[in-house]
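For reference, the structure discussed in these notes is given below.
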Ligand SMILES: [Zn+2]
């Protein structure tokens, strides 16, 4: 690890995980996460107010845990990065408020960064600096996007996204339908391993010749699974949970990987990274590897813990912002629940920069 | 000791620096903007410290309003206070937001007997508390519909935006008294409490007073026509 690489602490509170990470350049030093997922379980989804309350409680202890893990002093940091958006407004605001206060009290630059760009940048902690360009497939309970980045600190372009449910949401809903609990991703993955992915022919959304090439739709699939399961239940037959899980999962990952490879070919990009919580899915990883190998595309998937929401990914992008000398954010930085993916970070305007340097 | 105080539990974004030795407020700033607590708080803190000529490293403690108040704004102040206290290595003390408003009303000479403080809790409710003639909180904080507050209490002199919003329920509402929080009064209240050894609420337990809005989803809905 190069000692002169920027040491940055990153704070992530866009959903239900309070994440604080510390990285030096592309080296991960700490990845502390406090999750409120169990409190949301009985509601079958994330409840924003519960998440926000949990973020406030967890913030300082999680920062301290990260500093202890990394074995660094807060005064040694070169910057504080924080997810400025997109995400749940009230949840984001807790992280942004804390990050500003840390940056201000420690006299360090503040970097409000984009959550989606952070999901891409985290791969640097696993596989070294991102090739430019890199195609990114981000799939989680909150997002399903195909993004093309030329420079992770300044250029991220959206090629396509889900027009209805996020991929992870579809997993959650199908898991609920099958009474498997929340979150749905890991448990469906587990049942699917023992099931037949070809048992039921579930539809592949937006895969027709005239459909948008890179957009996704999972709502029709979810309905198809519901109908199929209900028909079984009405007929008094037992629902083959393993086969339903495997066939549903196959429909999701088939469309995701097919479109991602197509985007790589169309754009002449030979590196694909997959991030977001659903990237932990074993079948998605396997099928992506198979299809990337066939297409001559190099696949980069960070380990599961780095794929879910965490502070390390925010720190990774923050460190890259420092390294590339990007302008820091001002102390009136706001949390933006719908921050466009093209806004990789939220720099202060020119006048504010002058005031910051006073 | 130099005490930094701020509060974001009412529409005010307010910060002040108090010298607890002399009781002098070195600087204070109050803005009313219920929707921009997140943007305005840190710049306001910076502004009062500059105006007071106090380097942040010289601060001895932080006092922060812990509500009750609309949650999103309230958390801006609490997250900021917790992180500042952590990074600067100084204690953070909580103050019931209504106590700050009560202090301002008494210091301003608007009340001398028993009185109420009420702020807007939205959803046609108010956060309120009752104070005795010495300014000590004797009931609350609570959240209620104005009409549901005991009529004998509701006719007391009442200060705060919540009282002004519902003049029928609060006939004793004092229009001249400060409607929103001022950090200078909050700081004075905290300084006195610290000096007398009185217990202050924990800054890590906001006074939400309501449970989070969350519904357990109804049982799985069928999509096949029945
Ligand atoms: Zn995410």
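Just so it is clear, glycine is given a Cβ too, placed from its N, Cα and C backbone atoms.
Keep in mind the model is a prediction, meaning the values are calculated, not measured.
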Looking at TrEMBL, A:115, A:119 are annotated for Fe cation. Which of A:293, A:309, A:325, A:332 sits in that same site? A:309
Which of these, A:151, A:172, A:196, A:270, does TrEMBL say binds substrate at the same site as A:138, A:139, A:140, A:141, A:142, A:185, A:189, A:281? A:172
Output the one of A:115, A:119 that, of all these binding-site residues, has the highest number of other Cβ atoms within 10 Å of its Cβ. A:119
Looking at the domain 'Gcp-like' (A:28-315) alone, can you tell me the average pLDDT? 95
Alpha-carbon distance [residue A:309 (Fe cation binding site); residue A:185 (substrate binding site)] in Å: 14
The rounded CA-CA distance in Å from residue A:119 (Fe cation binding site) to residue A:281 (substrate binding site) is 16
Inside 10 Å of the Cβ of residue A:140 (substrate binding site), count up the other Cβ atoms and send me the figure. 25
